[in-house]
Amino acid sequence: MGIAGSDVSKQAADMILLDDNFASIVVGVEEGRLIFDNLKKSIAYTLTSNIPEISPFLTYILFGIPLPLGTVTILCIDLGTDMVPAISLAYEEAESDIMKRQPRDPIRDKLVNERLISLAYGQIGMIQASAGFFTYFWIMADNGFWPKDLYQLRAQWDSRAYNNVLDS
């Protein structure tokens, strides 16, 4: 314990209790589990937006389809709208069963594991990207640009044979 412990034991310890009450260990374990859970939620939320943000650039590179948003716009959206909710997840209250769970296995239980990556990238990210592409193609078709017409359209726009107007 912090007050009665020797200096050698204080230096060797991972955690020092400043009071002589063992109930503070329970509070510390609960707080540690809460921090771990909230960090995991925040990381999962942040990872899900990576696939919808990178997929328009991949379609631009592979198929020449015009970008719906520019690089700076996506960066502003990422910093302006993604970070505030991700930070707010760090301040969530504890789940009701937080102290009823088994202790974490430090080797097996990581903040970012295979299940989280497959859920964030493979499922939620792909659903968001598909919804974004559906909306993009729907709006472009509504304005007269059918999906078949969008293929390699950016190369035509950049060609002097089709466009002799200088970009400002």
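Yeah, the Cβs are placed from backbone N, Cα and C, and that goes for glycine too.
Record features (TrEMBL):
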TRANSMEM  57-77  transmembrane segment
DOMAIN    66-144  domain 'Cation-transporting P-type ATPase C-terminal'
TRANSMEM  116-139  transmembrane segment
Exercise. Other than its close neighbours in sequence, what residues sit by the transmembrane segment (116-139), given a CB gap under 8 Å and a spacing of at least six beyond its ends?
Worked result: 40, 43-44, 47-52, 55-56, 59, 68, 147, 150
For this session: Take the domain 'Cation-transporting P-type ATPase C-terminal' (66-144) and average the pLDDT across it for me.
Result: 89
